[in-house]
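Under the heading ATP binding site, Swiss-Prot lists 6, 51, 77, 110, 111, 112, 113, 114, 115, 116, 311, citing similarity to another entry as support. Among the features that Swiss-Prot reports, Mg(2+) 1 binding site is placed at 403, 472, with the record citing sequence analysis. Under the heading Mg(2+) 2 binding site, Swiss-Prot lists 472, 474, citing sequence analysis as support. Positions annotated as domain 'Toprim' by Swiss-Prot: 397-507. Residues or ranges marked as site 'Interaction with DNA' by Swiss-Prot: 428, 431, 479, 590.
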């Protein structure tokens, strides 16, 4: 299709704040409605709090007061305050700030001069007030545009106050989750010992840093030994082993949670293995040493380089070696001092090695069996690009885990063959709760799915950025969804912890007349559509994905319109108990729950 009238009039120039409003995803990631912890409204809060914490790190102000009234957020710190003559520029002009100067800020996340400006641009109301030496300067903005400003005398303590209301024109209907906010504030407190966060009169404070953090994430009964903890000015970590599968990490850079890891996390993993092997004077495999390891890590570095604006993965090359060297040294010293701890870790490593060798024969049989069937993975319709290659499209790659040939057929014919793969399940997968990992290799379908994802050894080889469960919106579909989540939570929980697991949202209803067709994802949306079409309309209830035609399905899985719900783990210590209740033995408690909630 040819583009008509491409001339000078088609070239437009946007101001920095206009660009933020038009392309908000470049600055805050997804928009969302507040139902997901990664939604943009939480990023707005984070950007302001980051500035307050930067003040605390530099030794100015150990309290941050945060209030939420409906959706109006206010944040007050007692740092140095923004220089009064630069308040307006500091919150409205891109690339303006003091964090380019090491004398003022040494360990900061917000080094790009964008964060606060993005909050300003994306808020219908944005008020900033800076107080220094008995004077205050305040400025009021709306959607990034200055409405008024003034300088006044003040008896308040030095510091900065920010109040904002996220713009409903950008975010639509949204609300903040109290659980998400409190979880984040607790993390801030653990990452900054001595910092007090007062949120609506609830205090968040940590005396033991990441030790408190890891204790909140793991049940003490699951620990094979007491949590090992270390802290210095630029490196802090805590770890222990459990009997769970895989490795679990919570890593941070200058207070920023890096759920995709990065060079600091790689350095920790390498240093940990070297320390154990050096102490034991053996050459155990890294898998045997780290299987079941749960660790949290925080580093403070100058000029952090992240792989995106949302700062999920650290890219500083030199950090890997520096962290590995220090971790190896510290853990070696700890092992030499604590012989009981050393024996417990050695026992875990030896047990891991034994189990791996026992598993190897089962693996070999499964691979030989798979070779006889096909050189390709059965039931996999693969895509051209993958997450573990170096293509520009790697971030867009996804695999749909669906059930039945009819649903698969609709999706195959309308998918993007470059970035969207499909793995078709044959009925309900096996319930893997409390099963041994060897059971995967005895189950052809689960084995093929694991190989298709590339996660047999670890999720470092994950072939798709998003693993999307796409099942029917009925009880059977929900059951299959739960069985798949049980499988991943049991053997590959880090796949979910690192934000790769999603649920495909497909419409429940189609409401249409001769001119308009509306797809509805809830009973509420259906009733609204019926009212808008004013009678005489046809209502179709989709019982299964196979009932949706390929032409319709194309709109539901198109990269620009797909609706995905991210699977979040709020607290890993609750996983075993929750899975036991829903997927374990049919206890009287579960029967009562079903009677009270489903019948």
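Cβ atoms here come from the backbone N, Cα and C positions, even for glycine.
Annotated features taken from Swiss-Prot, shown on the structure.
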| residue | record | DSSP (3 states) |
| --- | --- | --- |
| 6 | ATP binding site | coil |
| 77 | ATP binding site | strand |
| 115 | ATP binding site | helix |
| 403 | Mg(2+) 1 binding site | strand |
| 428 | site 'Interaction with DNA' | coil |
| 472 | Mg(2+) 1 binding site | coil |
| 479 | site 'Interaction with DNA' | helix |
| 590 | site 'Interaction with DNA' | helix |
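Reported as a whole number, the C-alpha separation between residue 474 (Mg(2+) 2 binding site) and residue 431 (site 'Interaction with DNA') equals 19 Å. Take the binding-site residues 77, 403, 472, 474: by the count of other Cβ atoms within 10 Å of each Cβ, the lowest one is 474. A separation of roughly 52 Å, to the nearest angstrom, links the Cα atoms of residue 77 (ATP binding site) and residue 403 (Mg(2+) 1 binding site). For residue 115 (ATP binding site), the nearest of the recorded sites 428, 479, 590 in terms of C-alpha separation is 479. For the domain 'Toprim' (397-507), the DSSP-based tally of helix, strand and coil residues reads 48 helix, 21 strand, 42 coil. Cβ neighbour count for residue 431 (site 'Interaction with DNA') (all protein chains, 10 Å cutoff from its Cβ): 16. Reported as a whole number, the C-alpha separation between residue 428 (site 'Interaction with DNA') and residue 590 (site 'Interaction with DNA') equals 21 Å.
Cα separation, residue 6 (ATP binding site) to residue 472 (Mg(2+) 1 binding site), rounded: 46 Å. On the backbone, the CA of residue 403 (Mg(2+) 1 binding site) and the CA of residue 590 (site 'Interaction with DNA') stand 27 Å apart.
Around residue 6 (ATP binding site), a 10 Å sphere centred on its CB holds 9 further CB atoms from the protein chains shown. For residue 428 (site 'Interaction with DNA'), other Cβ atoms within 10 Å of its Cβ number 13. With a 10 A radius on its CB, residue 479 (site 'Interaction with DNA') counts 14 other CB atoms from all the protein chains.
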